[in-house]
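Colleague: One structure follows; several queries about it will come next.
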Amino acid sequence: MAEPTDGFDDFLPQALRFRAAAPLVDIGANLTHESFARDLPAVLARARAANVTTLILTGTDREHAEQAVAMARRHADAGLALYATAGVHPHDASRWDAGLAAAMADLHRQPEVVAVGECGLDFNRNFSTPAEQERAFEAQLGLSAQSGKPLFLHERDAGRRMREMLHAWRDDIGDAVVHCFTADRDTLFGYLDLDLHVGLTGWLCDERRGHHLRELVDEIPLNRLMVETDCPYLLPRNLPAKLKGRRHEPALLPWIVREIAHWRGIDEAELAAATTRTARAFFRLPMADPHPPATRHEDS
Ligand SMILES: [Zn+2]
């Protein structure tokens, strides 16, 4: 049963309006995706109504990272705390060059940017060659070491190589989160041995392919676990009502927390509070609830 809630508009069916028991941080929201261009203010208002009070906007290439920073500034008065990441996704690694590296270093100096990434390795699709991916990733490990900002990592079918590269850099980089973790037990323990953080999405809510994750969720220490929608992708399959357009959004994060809490056998409110504490420490955000100033930026 969804809790009674105020502040939602009519877009979400009644059954999907669910306010988290404690404020949540969505550590992976691709709100610069074109599917949000139409109704972004409403998406942000629904996130707020669902008690998802902090959003980390994923920057997957230069263009999207710059958009994410601008979005965080422009909507600083939306009653949410908005931050961005800036990196080059392994799919786009073939575009890495000195100019891009300089642009990234510039972005990492912006106060809105709280992590280097999304970066990493994806040997599942190889849209860029493995060699190109390793080169771009290596460079971004260097940018993280340089800026002192934590890493927001993407890895698919490349767990072993990812661990080798992170191991080589471990003393130079700080915190790092493997976002949208979907791999197996050995990979998870390898990451935890490297003292990494883990981001979980609605993948776990998928009874067809999320099974193995359900048995792993209680192996992740609460001070290493964070939650994310990875919206508009990965709409959870445990939702009690159909959603028009099937676009995932931050307001649905409480459903993912509910699923994780269930499989972990702990109270939802406790899990919500713990993941928020972990995320605020990881991204070095203020530990209190966000109360952003009404008009911090007047641009565009
Ligand atoms: Zn990713």
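Each Cβ is built from the backbone N, Cα and C atoms, and glycine gets one as well.
Any TrEMBL annotation is an automated prediction that lacks curation.
Features from TrEMBL:
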BINDING   Glu118, Asp230  divalent metal cation 1 binding site
BINDING   His154, His179  divalent metal cation 2 binding site
Colleague: Let me know the DSSP-derived helix, strand or coil state of Asp230 (divalent metal cation 1 binding site), please.
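Modeller: DSSP assigns Asp230 (divalent metal cation 1 binding site) to coil.
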Colleague: Give the distance between the Cα atoms of His154 (divalent metal cation 2 binding site) and Asp230 (divalent metal cation 1 binding site), rounded to the nearest whole Å.
Modeller: 11
Colleague: Sort His179 (divalent metal cation 2 binding site) into helix, strand or coil using the DSSP assignment.
Modeller: coil
Colleague: To the nearest whole angstrom, what is the C-alpha distance linking His179 (divalent metal cation 2 binding site) and Glu118 (divalent metal cation 1 binding site)?
Modeller: 9
Colleague: Find, among the binding-site residues listed as Glu118, Asp230, the one whose Cβ has the highest number of other Cβ atoms within 10 Å in the structure shown.
Modeller: Glu118
Colleague: Could you say whether, by DSSP, His154 (divalent metal cation 2 binding site) belongs to a helix, a strand or a coil region?
Modeller: strand
Colleague: For Glu118 (divalent metal cation 1 binding site), which DSSP three-state class applies?
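Modeller: SS state of Glu118 (divalent metal cation 1 binding site) = strand.
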